[in-house]
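Taken verbatim from Swiss-Prot:
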{"type": "BINDING", "residues": "13-18, 55, 116-119, 176-177, 205-207", "note": "ATP binding site"}
{"type": "BINDING", "residues": "17, 55, 116", "note": "Mg(2+) binding site"}
{"type": "ACT_SITE", "residues": "38", "note": "active site"}
């Protein structure tokens with residue numbers, strides 16, 4: 001069984017956090033201790049406790065183990081922009097060593113660590129580097145979240161290709177219906193199933209305020225548990 005994996009998205013706003021919550025809930029239903037980890041988050045709000053990102057808070061709440069917010073989300077950036085822009089605005093350098101240190105800490109505590117990315121696969125974290133470089137460094141298996149909408153086929157297939165070209169193991173994908181009006185839904189799913197060389201872990205229907213709902217029933221985590 002893998003002890004950590006990375007949740008990637010075909011783009012921003014495709015439902016990575018919704019899918020992450022669903023996976024965490026499904027893992028918890030199997031009796032596993034989990035931690036949700038959001039290394040970098042842009043679009044945070046100032047609170048009495050410090051800067052907080054809503055997606056990271058959802059991960060913190062969905063996990064079975066209690067972890068300090070600063071360990072769930074070491075880089076909570078204010079601007080709702082690409083991480084490299086938000087980091088530059090705050091004069092912050094995103095250090096891979098810190099991300100790795102937190103990941104190692106989480107692995108010691110949990111059976112499974114779910115690491116949620118930011119934006120799409122090649123989202124920059126500096127003028128010269130992307131978060132995917134750190135994922136390669138850690139050799140994290142990847143689960144791809146596909147937001148089902150017009151144009152998602154090309155985005156999904158290209159992202160799946162580049163993940164594998166980066167030398168990483170694509171261990172599954174999740175369909176998240178972000179637009180209830182998307183036509184030809186079944187045809188889109190059929191094409192993704194035939195073209196993505198990884199198991200479909202589930203389909204999450206369009207659900208208003210999905211981040212606040214019980215979603216684990218939509219996910220089959222068995223393929224993840226059977227990976228050495």
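The backbone N, Cα and C atoms fix where each Cβ goes, glycine too.
Where Swiss-Prot records a feature, it is marked here on the structure.
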{"residue": "13", "record": "ATP binding site", "DSSP class": "coil"}
{"residue": "38", "record": "active site", "DSSP class": "coil"}
{"residue": "55", "record": "ATP binding site", "DSSP class": "helix"}
{"residue": "116", "record": "Mg(2+) binding site", "DSSP class": "strand"}
{"residue": "177", "record": "ATP binding site", "DSSP class": "coil"}
{"residue": "206", "record": "ATP binding site", "DSSP class": "coil"}
Cα-to-Cα gap, residue 206 (ATP binding site) vs residue 38 (active site), nearest whole Å:
24
Greatest C-beta neighbour count within 10 angstroms, which of the binding-site residues 13, 55, 116:
116
Looking at the binding-site residues 177, 206, which one has the fewest other Cβ atoms within 10 Å of its own Cβ?
206
Could you measure between residue 116 (Mg(2+) binding site) and residue 38 (active site) for me? Cα positions, answer in whole angstrom.
5
Near residue 119 (ATP binding site), which residues of its own chain have a C-beta under 8 A away, given they sit six or more steps off in sequence?
9, 11, 12, 82, 83
Can you give me the residues near the recorded Mg(2+) site, meaning same chain, not 17, 55, 116 themselves, Cβ no more than 8 Å from the center of the site's Cβ atoms?
7, 16, 20, 21, 36, 38, 41, 56, 58, 59
Between residue 17 (ATP binding site) and residue 38 (active site), the C-alpha gap once rounded to whole angstrom:
10
Chain-internal residues near the residue listed as 'active site', provided their CB is under 8 angstroms and they sit 6+ positions away:
53, 55, 56, 59, 72, 73, 115, 116, 118
Give the number of CB atoms, excluding that of residue 117 (ATP binding site) itself, located within 10 Å of its CB.
24
